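What Swiss-Prot records for 1-27, 147-170 is region 'Disordered'. Under the heading N-acetylserine, Swiss-Prot lists SER2. The phosphoserine annotation in Swiss-Prot covers SER2, SER85 and is backed by a large-scale study or a structure entry. Taken from Swiss-Prot, the feature phosphothreonine covers THR12, and the record attributes it to a large-scale study or a structure entry. The substrate binding site annotation in Swiss-Prot covers HIS38, TRP47, GLU48, GLN49, PHE50, HIS51, TRP73, TYR102, and the record cites similarity to another entry as its basis. Per Swiss-Prot, the feature Mg(2+) binding site maps to GLU63, GLU66, GLU95, ASP98; the stated evidence is similarity to another entry.
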Amino acid sequence: MSVAGGEIRGDTGGEDTAAPGRFSFSPEPTLEDIRRLHAEFAAERDWEQFHQPRNLLLALVGEVGELAELFQWKTDGEPGPQGWSPRERAALQEELSDVLIYLVALAARCRVDLPLAVLSKMDINRRRYPAHLARSSSRKYTELPHGAISEDQAVGPADIPCDSTGQTST
């Protein structure tokens, strides 16, 4: 659980969070808010020097590992996260938050505008996995019947690579 301005945010533990059906995120904080909060946090501790893309990626992978540990050894017969104990739900919320924070920090360091990148990638995915060909199928787009596009046809906007300092290279 996170605390913002003295208010507990996130999983309220109420029935709505465990109810099946539609879920939507809070409108705030935005990804830009998260980027700024993390940048301020790191600056206050003089940690920017350690936040090279490689280090941020390794920290992200470590947090994904901690998230995976929450699911490890659970059986298919056990309830999903909605049925977990409040302690397990709090751990889930913290690890998902850590993953998002490091993902946003890595994207910022590499100068990738995540909201725009997501829109571009979803467009590519729609072309790779047309609903009429991919519905109820777990097959990769290269294995779908004729009509799905190939990888070389699904090229998105030009990437702007970053060097080890996080600066864009030209």
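Every residue gets a Cβ built from N, Cα and C, even glycine.
Residue pair GLU48 (substrate binding site) / GLU66 (Mg(2+) binding site) shows a Cα separation of 23 Å. Among the residues the record lists as binding substrate, namely HIS38, TRP47, GLU48, GLN49, PHE50, HIS51, TRP73, TYR102, the two farthest apart have Cα atoms separated by 37 Å.
Taking the Cα atom of each, TYR102 (substrate binding site) and GLU63 (Mg(2+) binding site) are about 8 angstrom apart. Comparing GLU66 (Mg(2+) binding site) with TRP73 (substrate binding site), their Cα atoms are 13 Å apart once rounded. Note on TYR102 (substrate binding site): other Cβ atoms within 10 Å of its Cβ, all shown chains, come to 22. Sequence-distant contacts of GLU95 (Mg(2+) binding site), defined as residues of its own chain at least six apart whose C-beta falls under 8 angstroms from its C-beta, comprise GLU63, GLU66, LEU67, LEU70. For the binding-site residues GLU48, GLU63, GLU66, ASP98, the ranking by surrounding Cβ atoms (within 10 Å, all protein chains) places GLU63 first. Of all the binding-site residues listed here (TRP47, PHE50, TRP73), it is TRP73 whose C-beta has the fewest other C-beta atoms within 10 angstroms. Excluding the listed site residues GLU63, GLU66, GLU95, ASP98, the same chain places GLY62, VAL64, GLY65, LEU67, GLU94, LEU96, SER97, VAL99 with Cβ atoms within 8 Å of the centre of the Mg(2+) site Cβ atoms. Classification of SER85 (phosphoserine) by DSSP places it in coil, neither helical nor stranded.
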